[in-house]
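Asks: From TrEMBL, for reference:
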- 27-301: domain 'Ribophorin II N-terminal' (DOMAIN)
- 309-416: domain 'Ribophorin II second' (DOMAIN)
- 424-547: domain 'Ribophorin II third' (DOMAIN)
- 580-680: domain 'Ribophorin II C-terminal' (DOMAIN)
- 1-20: signal peptide (SIGNAL)
- 591-615: transmembrane segment (TRANSMEM)
- 627-647: transmembrane segment (TRANSMEM)
- 653-675: transmembrane segment (TRANSMEM)
């Protein structure tokens, strides 16, 4: 394992550069490609079909499958009087997208039934589906009467389920409150307002707005600034994940904001944090999460609440050696163009010196051709390292501040990389007593030169070199390791220290003889230098040193067992030599043949006896059917005898038994028939 340590470190640095930080980016073509793979609009469930169709509509996917005929047939089937409220609700939602040819009389019948039962609903879910269905009918058949005469009473019934913290209960019998239920309640209240035959009391509407603000007071926050709503177990209901819960709240809040006058004073940083929560997920793996993500982002961009503007960076790793430019993109959550604005770099500081800013109050230039805000090359005081850049978006039109949410200052981790120059590399063998250089050689670490050295236990090995950044400053990578590997594969790793201007290590062999197990011989020298921001991290052999160490004393540390390669268990195994028992002595071949002839004598005697006595065919049947059975019976006996011979020569016991089973059944059948015939013939002769 130790031999792979430097390689693992270099691999870690490469991964850390590639995955330095993930900045939420707007919806892109990767979502559109994934939607076609994840969703099946022809699903037997209308809820699944609606989610697929809605995602295709929001993302403006053109080459989506055409399922209008089959899906509309399911819609018509679920608009009947025997359908459940949930099935009716999603049938109307699908019809709103596909525009199925539904008669006005069907809508009229559904509206009459729902208006008659809306006051009898006892749970929040039933009221949600009932009122939601009426709202959908209002949108699809405006001439159908769906107005609620007792809208105030229904509004009060739903509001009675609210709690002091902004959450709602699912029913009056359930004391547990739920954040997801709050989203359903707000959506249902929005439906009541749009269906009311007369205006709802404004004081009740303002009370609900206060409940929304209380609900946002309980919002959760991650360390990266994203906000979300979480659910708790309660009322025996299944636990809802934070994605589903947050999506439910956004649907409720945006629906209520769309039907009420006045502004709901929601903090812009929380709106932007909710958008970043959905965007940070990337492309969800399940259809339900994908739908909740896309629909919620579309609702946040529907102007019912301040539209969040997303600041994203095409890259968070920039190379000084390649003179990369810092670029920033600003879009809405669905990728639409942002209004006229300026992106400011408020400050930038090194992660090891947060108190001192290296860049302050710098305005990025907008490139109209690419739609990016560009800073240009990094100033001279920005060297390789990890930084935090603090951005701020400033809208040109002050009136747009009520329309868009910029979220204040945005902190983005930035990695600045570069090629470190390696210079003044020296390796020397020192006399321990005098400290003078017995042997000193210079190294070109950028090349392939290697050195050969020799030393004894009374001498020291010194190695030093310098690293310079592209800005000319001394660079201190996170890992600098020097490895000595004995020819018997024992190896020792040392950390090379930093003296400020250079890296240096001195190995005193007198103090290391016990660690080296008093093993003399050749030691290969290898240097590993790596850092996440060092583009030319390397693992390089330097050469070897021939060590002459004293004999090991009696109490010296014993050699540890050599490390076993874990993959050796899958390699070829050692050949196993079997020792078989010597075969027993066999009789002479002539004697074996003599016994064979003796075993055949009874059979020969049987044949001779048949010839002497004569074969009797008097009882052999003469008619066609009995004759056939007699011939088959004798052939079956012959087949059995042949099977015995084959068993003796080549067949195994199991195969022989299988064949014998079929032959036995055959002999039983034909033998019974021929023997019955002979018995019948004999009986007739005796009676005659």
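Each residue, glycine too, has its Cβ placed from N, Cα and C.
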Asks: Considering every residue in the domain 'Ribophorin II N-terminal' (27-301), what is the mean pLDDT value?
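Replies: Averaging the confidence scores along the domain 'Ribophorin II N-terminal' (27-301) gives 89.
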Asks: Return the stretch with the most CB pairs under 8 A relative to the domain 'Ribophorin II N-terminal' (27-301), choosing among 309-416, 424-547, 580-680.
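Replies: Counting Cβ pairs under 8 Å, the winner is 309-416.
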Asks: Should anything in the same chain at least six residues away from the transmembrane segment (627-647) have a Cβ under 8 Å from its Cβ atoms, list it; otherwise answer none.
Replies: 620-621, 653, 656, 659-660, 663, 666-667, 670-671, 673-674, 677
Asks: Give me the DSSP three-state residue breakdown of the domain 'Ribophorin II third' (424-547), ordered helix, strand, coil.
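Replies: Split into helix, strand and coil, the domain 'Ribophorin II third' (424-547) gives 4 helix, 74 strand, 46 coil.
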